[in-house]
Amino acid sequence: MLITSIEAHEILDSRGNPTVEAQVALENGTTGSAIVPSGASTGEKEAVELRDSDPKRYGGKGVLSAVANVNDSIAPEIIGMEVTDQRSIDRKMIEIDGTANKATLGANAILAVSMAVARTAALSLGLPLYRYLGGTNASLLPVPCMNVINGGKHADNTVDFQEFMIAPHNAPNFAEALRMGAETFHALKSILRGKGYSTGVGDEGGFAPDLKSNEEAVEVILLAIEKAGYRPGEDISICLDPATSEMWKDGKYLFFKSDQSTKTSEEMVDLWASWAGQYPIVSLEDGMGENDWEGWKMLTDRIGATVELVGDDLFCTNAKILAEGIEKGVANSILIKLNQIGSVSETLDTIELAVKHNYKCFVSHRSGETEDTTIADLTVATAAGQIKTGSGCRSERVAKFNQLLRIERQLGEAARFAGKSAFAR
């Protein structure tokens, strides 16, 4: 089915900042749309998110230039192409851009069209998006890793590390895992309130209290797991994303929100090894900075046999960078963010490379999200087994969980739940 029109518009994300929505229409009248997210803590090697830098509009964060690139540069070249030829469409947009990091058109322009094309193709064939992208065997529901305490760049508090997540893995299905996570989220709220802490939430829906230390964040989560009636490590484990690239200053890690202390790479590895021995941590994302490859190698050698070590800023969903990490024996898992690389095809290529080399894949939202649920379908399509998309509140986060509930119902008896094997080393 041929594409007859492509239109882009400027709309708002969950932080009130502009983002790009694209709509694709076909000759049979089918239409589909998609909206791109935006990150706060971003890797240096991410594809370029094009902003207008006009101080008179949205504080310089407008995306009218990216919208114009879709309507004026991309649409004329893509109209008339077969909507199911995702790879050719993505390749054409990359060729038009002409840069390695999509700096001309903007990854937000290219990805909006790429995602909208995939969704419209699925609709035209009468298929759910997960089935269209993943084929007949797509049936694995992920563990919902829920970000219940926010720190770092995601919250205005004294916690250095960015995300403290719960992973409810000992469940018979996704729906029950989500229930376990939501109950723990509410138990945590009760505990924080009882301790006199604020229960306001950060960008991703997690609480953002002024805790006394980073360790206290883990300890109150463990209390919440027990208060909700579950066993830490047996039913629900902990995933961390300290986002240490944001802490990397002058060759050391600066604890910039708490006590202003610093640690060397060796000391950070010691810290994570200590935490892994003390707490039920199944996954550690960006435990070292994106440019600290020696530190990453030390961390992988030290705890990589027992803990999932996820490269986010390190790899930026980029197959070429992942290949370098594989060759060097760095990390054992990769975070998947569509807008880090900027097209559906390239994202699928990166996932394929990771799976080929026994690296786990962990699909992720961004801190500036929307009601778009593409990543829920992508997670099932690729059998990733893990997704992080915020906490148990904020509708732009819950939208992804609700889509996964729908997918599980659609699959019926064919649905499988990843469980703790999603993190297994």
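Each Cβ is built from the backbone N, Cα and C atoms, and glycine gets one as well.
Taken from Swiss-Prot, the feature active site, proton donor applies to E204, supported by sequence analysis. Spatially close to E204 (active site, proton donor) yet at least six residues away along the chain are N147, N150, H154, E163, H365, S367, E369, G390, S391, R394, R397, judged by Cβ distances under 8 angstroms. DSSP assigns E204 (active site, proton donor) to coil in the three-state reduction, placing it in neither a helix nor a strand.
Counting only residues at least six positions away in the same chain, the Cβ atoms of G39, D312, C316, T317, S364, H365, R366 sit under 8 Å from the Cβ of K337 (active site, proton acceptor). Per Swiss-Prot, the feature active site, proton acceptor maps to K337.
The (2R)-2-phosphoglycerate binding site feature in Swiss-Prot is assigned to Q162, K337, R366, S367, K388. For the recorded site, Q162 ((2R)-2-phosphoglycerate binding site), the DSSP three-state label reads coil. Taking all protein chains in view, 28 other C-beta atoms sit within 10 angstroms of the C-beta of Q162 ((2R)-2-phosphoglycerate binding site).
The Mg(2+) binding site annotation in Swiss-Prot covers D241, E285, D312 and rests on sequence analysis.
Packing against the compositional bias 'Basic and acidic residues' (43-54) from elsewhere in the chain are residues 60-66, 69, 99, 101-103, 105-109, 245, 290-291, 312-314, 316, 318, 321, 339-342: each is 6 or more residues past its ends and has a CB under 8 Å from a CB in it. Annotation source Swiss-Prot lists compositional bias 'Basic and acidic residues' at 43-54.
Look at Swiss-Prot and you will find 31-54 tagged as region 'Disordered'.
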Largest C-alpha distance in Å for the (2R)-2-phosphoglycerate site residues Q162, K337, R366, S367, K388, as a whole number, is 17
Helix, strand, coil: count each for the residues of the region 'Disordered' (31-54), based on DSSP. 0 helix, 6 strand, 18 coil
